[in-house]
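Novice: What TrEMBL shows for this protein is this:
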{"type": "BINDING", "residues": "Gly424, Gln425, Thr426, Gly427, Ala428, Gly429, Lys430, Thr431", "note": "ATP binding site"}
{"type": "COILED", "residues": "2-146", "note": "coiled coil"}
{"type": "COILED", "residues": "189-241", "note": "coiled coil"}
{"type": "COMPBIAS", "residues": "719-728", "note": "compositional bias 'Basic residues'"}
{"type": "DOMAIN", "residues": "341-664", "note": "domain 'Kinesin motor'"}
{"type": "REGION", "residues": "677-728", "note": "region 'Disordered'"}
Amino acid sequence: QVETLKAKLLEQAQEISRLRSELGGTDAEKHRDLLAAENERLRQEMKACEGELRELRRQQQAPCRDCPHLQENAGLQEQLSQLQREAEEARAKLVELDLEVQQKTNRLAEVELRLKDSLAERAEEEERLSRRLRDSQETIASLKSQPQQIKYIIKTVEVESAKAKQALCETQSRNQYLQEQVGMQKQVLKEMEQQLQSSQKTEAQLRAQIMMYEAELERAHGQMLEEMQALEEEKDRAIEEAFSRAQVEMKAVHENLAGVRTNLLMLQPALRTLTHDYNSLKRQVRDFPLLLQETLRSARAEISQAIEEVHSTNRELLRKYRRELQLRKKCHNELVRLKGNIRVFGRVRPITKEDGEGPEAANAVTFDADDDAVLHLLHKGKQVSFELDKVFPPQASQEEVFQEVQALVTSCIDGYNVCIFAYGQTGAGKTYTMEGTAANPGINQRALQLLFSEVRGKAADWDYTITVSAAEIYNESLRDLLGKEPQEKLEIKLCPDGSGQLYVPGLTEFRVQSVEDINKVFEFGHVKRVTECTNLNEHSSRSHALLIVTVRGLDRSTGLRTTGKLNLVDLAGSERVGRSGAEGSRLREAQHINKSLSALGDVIYALRSRQGHVPFRNSKLTYLLQDSLSGDSKTLMMVQVSPAEKNTSETLCSLKFAERVRSVELGPVSRKAELGSWPSQEHLEVPKTLLGDSPGSAAPPGRGHASPSPGQLSSRSASIRRKLQTSG
């Protein structure tokens, strides 16, 4: 604060010096007051600082020699004394400025006095000149009246002496001066006459206005008199009417008074009765608070009992509603099973950092709190609702998702064909749902683990063999992910036994017996699958992946043989080339992916509209899924959607496609079971090439390994084991 005051005083001194050099006496007076007020304010601030310093001195109870606060206090005191000296200098400068202002004021007063004296002298001079002008005019008038004498005198003077000539010259010069004065006075007189004429005009105008105002006043006075006369007449009429009404009312009052007197005589018994009733009511009012409290207590008890009954009824209704909802869902699932509808589950992934920030990354998907099969999408300001068989919110775990599909997976053991495929735009989480991570596996690995668990549970009566195949459709080419040469293109063919089912010649099939075998197969196939980085997904799948699990069972007591297949499909994501930034080979991959998904949409449309021809052969994907979509399989579609605002168009298309798929009826599913001989264990270990075995039929002819020799079997098995060990 001391430093601030010092800076302010320096600024004040500079301002004083600048005003002293630039401003005159009048401006100095104005700034003097301002500087005095500022100086007074600074003086008060300085006094406040001194008070704070004194307070600090009183607070020091035991001052020490080397205390830094004491040294700082000494420095502050020195600065304060310097500041006081500077303030005294500023005061002195201010006094000097006051003296200078006073001197200038005195000089100004003297100048004003001299100006007044000059004005007075000028007035006297004008008066003297006026008198001389009048004298000159009189002289001129007298001279005009005697012209001959003047001529004579002039002529006479010409004959006279030189002294008379000099006097005559003086008289002539004075006469010329007087004529000039007369001309000036005439000019002044003319100006005064003009002013008089303008004054007369102004007077005439004012007189005209006064006359107009007088006429207006007279007219207003006449109107006022007429209005007063009308008001007087109206007042008289009102008084007469009021008097007549008062007489009539007075007469009626007298009549009513007579009736009241009669009624009073009759009402005395009624008054006694009312008095008695009043006393009884008074007693009741005195007892009313007690009755009111008692009534309130009973009412509160009844209301509490009613509220409790309503609550219990609501709880019971809610329990019944939930039970009915579960029963409805169960009946719906049973109806779907009987009709053979494709079940559709939806899963919404959470918002991630790849979605960015701002309005484009806002959540556009909401859920129904009472129905877990409904979700709402906000698209272009409008809310669109979709109903599926089950909807999983972003916080749903992999375990919760698998619990809903494990019933389908276990039906594979009983001899049914099952197909689960994930659909959605790129980056929506399809691969995560199907494959998952090592720490949190998806449907594929959990399904095989569940199959092993079920097989172990039935080991007392049944013998089961589980085999696995993996393939991908890349750029409309079918490739074996578990074969020695994954780049080799495979073909889809009809089974030659006449069953109408499809198989893939040359597709490698491995027998798995433990979770370790599963991990090796998954790792071996995952390494060979094609994935690339795009603008929409860092690890975008560029192909459709199919995991084919075949479960063969034999009931040792009855000889019943079952064959079930589980097709787990991870479809490549649909993408817009403009957003994904695909170029070159990526662009060609995107075109093939979008073409195959469009063919899948055409197949769904044909099945939904029950057309005679279903275009399964328009794409390798739809041709390979023909068995799963033609009515002999339990099919589930997991539609994956993104909740981000920027992906609402793709999300809307995916959900509309899911609703169309949900309405497709494939018909009842048949179980693949028959009585027959069981193939040897050695034969099961041989790689199979049949994707869709027909129930009860042996391997079709032409597969090349229907009856291999023992040496060929052992060498082939050894190579498969070495391959699995190497990939592991």
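Every residue, even glycine, has its Cβ placed from backbone N, Cα and C.
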Novice: Just to be sure I understand the packing, how many Cβ atoms besides its own are within 10 Å of the Cβ of Gly429 (ATP binding site)?
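Specialist: Other Cβ atoms within 10 Å of Gly429 (ATP binding site): 23.
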Novice: Averaged across the domain 'Kinesin motor' (341-664), what pLDDT does the model get? Just tell me the whole number, please.
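Specialist: Here the predicted model's pLDDT, averaged over the domain 'Kinesin motor' (341-664), is 84.
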Novice: Validating a neighbour-count step here. Other CB atoms within 10 A of the CB of Thr426 (ATP binding site): how many?
Specialist: 25
